[in-house]
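S.K.: Here's the feature list from TrEMBL:
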type     : residues : note
TRANSMEM : 41-62    : transmembrane segment
TRANSMEM : 69-90    : transmembrane segment
TRANSMEM : 138-163  : transmembrane segment
TRANSMEM : 175-203  : transmembrane segment
TRANSMEM : 223-247  : transmembrane segment
TRANSMEM : 268-291  : transmembrane segment
TRANSMEM : 311-332  : transmembrane segment
TRANSMEM : 344-364  : transmembrane segment
DOMAIN   : 382-437  : domain 'Kazal-like'
TRANSMEM : 460-477  : transmembrane segment
């Protein structure tokens with residue numbers, strides 16, 4: 001029981017490292033200008049290191065000192081966590097477009113007639129070879145860290161599961177595994193809560209004094225302290241690794257030597273094993289993509305801050321899935337179900353989940369009106385060529401969204417033709433912009449507030465959260481029974497190995513491609529890309545309806 005406790009703790013902190021990346025993915029995209037396809041690849045890259053080794057390590061499972069192996073893996077995971085936060089310390093402070101001349105620059109993105117291309121802040125200044133190289137270094141460090149995270153994670157789950165299943169009584173084993181799986185699900189939940197807390201701090205909290213930060217967390221340019229969570233999570237893993245070096249090897253009697261290819265084929269030819277694993281692959285591919293981009297989806301559909309989106313996922317969706325897993329395990333233990341009943345339970349759970357998830361296709365918001373991007377008053381217009389701001393010489397790169405009094409969003413004060421910025425003297429923040437030639441009200445120049453207009457359908461947010469949570473509960477009821485189908489339908493001495501094959505197939509067919517496919521699908525719905533050095537960087541605006549449907 002102490003081993004189950006330690007293993008729960010270790011899995012929790014290991015998932016804190018990998019889950020935390022998913023909670024801060026939209027922030028990292030914004031900070032380093034990544035497309036969702038790149039960030040999806042980054043999020044799934046830990047599976048690469050994992051896949052290469054998992055089958056061999058599980059095969060040797062019953063011949064090595066399993067707890068010690070788990071301990072070494074945990075130390076690698078901890079190292080990976082510290083590496084993930086490194087980019088923050090090797091790059092300069094985060095820069096964004098501003099209306100107020102500040103310590104970063106003495107330029108502004110207001111409308112300044114008669115000065116061609118004046119806003120120097122927004123030229124290709126950030127395009128030096130050094131800046132481009134810095135960005136490559138960041139990606140390289142993060143991909144290496146993710147690969148290490150995968151390699152370190154290899155022994156943790158298969159060895160832990162087989163060690164417990166070897167020593168627990170037949171009757172208690174489902175309960176212990178149920179506890180572990182529920183922890184496996186709490187892990188990401190805690191990670192999203194950690195993300196929620198950390199992203200409410202400003203990214204350069206260690207480099208810039210608080211008074212110099214002119215952004216609030218509601219601002220679309222806001223970047224939270226994504227790196228802080230990695231330091232917390234990595235430290236926790238290091239602590240939970242310690243007890244493993246003191247557990248005994250203590251194995252039951254050795255099973256006769258067996259042959260690697262024979263065992264592999266024997267399991268792959270087993271119809272129940274294969275079908276259940278394929279079913280899990282389909283479900284996991286969906287979950288992997290959702291886990292990576294659900295936060296981003298909520299941010300865009302319902303205009304939430306990254307911090308709040310993580311809070312919802314961590315406090316509602318993930319505990320819901322956990323409840324489902326525990327309930328599934330409890331039903332199994334209570335009714336001592338046969339394999340046939342197990343599979344019936346899986347089918348029922350999935351079917352009900354589908355019914356509840358169907359309305360989610362329709363619960364969401366259309367894209368907000370953005371002048372020159374999604375919306376134009378005259379039908380035949382050129383991108384950015386709003387006549388009202390022609391004399392402003394707006395830089396193309398400017399991104400400092402404001403919401404006009406006509407409830408239309410503009411990419412920057414300049415594109416709305418605003419000439420005056422009013423500043424709150426107390427905290428140096430922008431109150432509003434006035435004399436905006438593109439925002440006309442009753443023939444007079446209108447005003448605008450800083451920040452995005454939002455999508456304005458917050459009333460759909462609650463039904464969306466409730467339905468997605470219920471659908472998640474129903475889907476996860478099938479988790480433990482599907483596992484039992486695998487553990488009980490194969491030869492006992494193949495157990496460790498079969499779980500290894502199962503995890504490898506899940507990784508190759510679901511967890512690796514899942515986030516990348518999701519990310520690519522999301523990228524296809526982008527309507528305005530940020531440009532960095534003439535390459536596409538992060539997406540500024542999505543077509544919300546397409547984003548939701550795809």
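Cβ atoms here come from the backbone N, Cα and C positions, even for glycine.
TrEMBL annotations: computationally assigned, not manually curated.
Are these features on the surface or tucked inside, and what touches them?
M.R.: Within its own chain, the transmembrane segment (41-62) has Cβ neighbours under 8 Å at 18, 21-22, 25, 28, 34, 69, 80, 139, 142-143, 146-151, 153-155, 158-159, 162, 251, 254-255, 260, 263-264, 288, 292, 496-497, 499-501, 503-504, 507-508, 511-516, 519, counting only residues six or more beyond its boundaries.
Among residues of the same chain six or more beyond the transmembrane segment (138-163), those with a C-beta under 8 A of the stretch's C-beta atoms are 3, 7, 10-11, 14, 17-18, 21, 32, 34, 38, 42-43, 45-54, 57-58, 61-62, 66-67, 69-70, 72-81, 83-84, 86-87, 90-91, 177, 180, 495-496, 499-500, 503.
With a threshold of 8 Å between CB atoms, the same-chain residues lying at least 6 positions outside the transmembrane segment (223-247) that come near it are 3, 6, 9-10, 12-14, 16-17, 20, 23-24, 27-28, 30-31, 67-68, 70-71, 74-75, 77-82, 84-85, 87-89, 94, 191, 194-195, 197-203, 205, 217, 306-307.
Beyond the ends of the transmembrane segment (268-291), by six or more residues, the same chain brings 19, 22, 40, 44, 188, 339, 343, 346, 350, 475, 478, 482, 485-486, 489-490, 498, 501-502, 505-506, 509-511, 513-515, 517-518 to within a C-beta distance below 8 angstroms of the stretch.
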S.K.: Over the domain 'Kazal-like' (382-437), what does the predicted model average in pLDDT?
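M.R.: PLDDT averaged over the stretch: 78.
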S.K.: By DSSP, how many residues in the domain 'Kazal-like' (382-437) are helix, how many strand, and how many coil?
M.R.: 6 helix, 21 strand, 29 coil
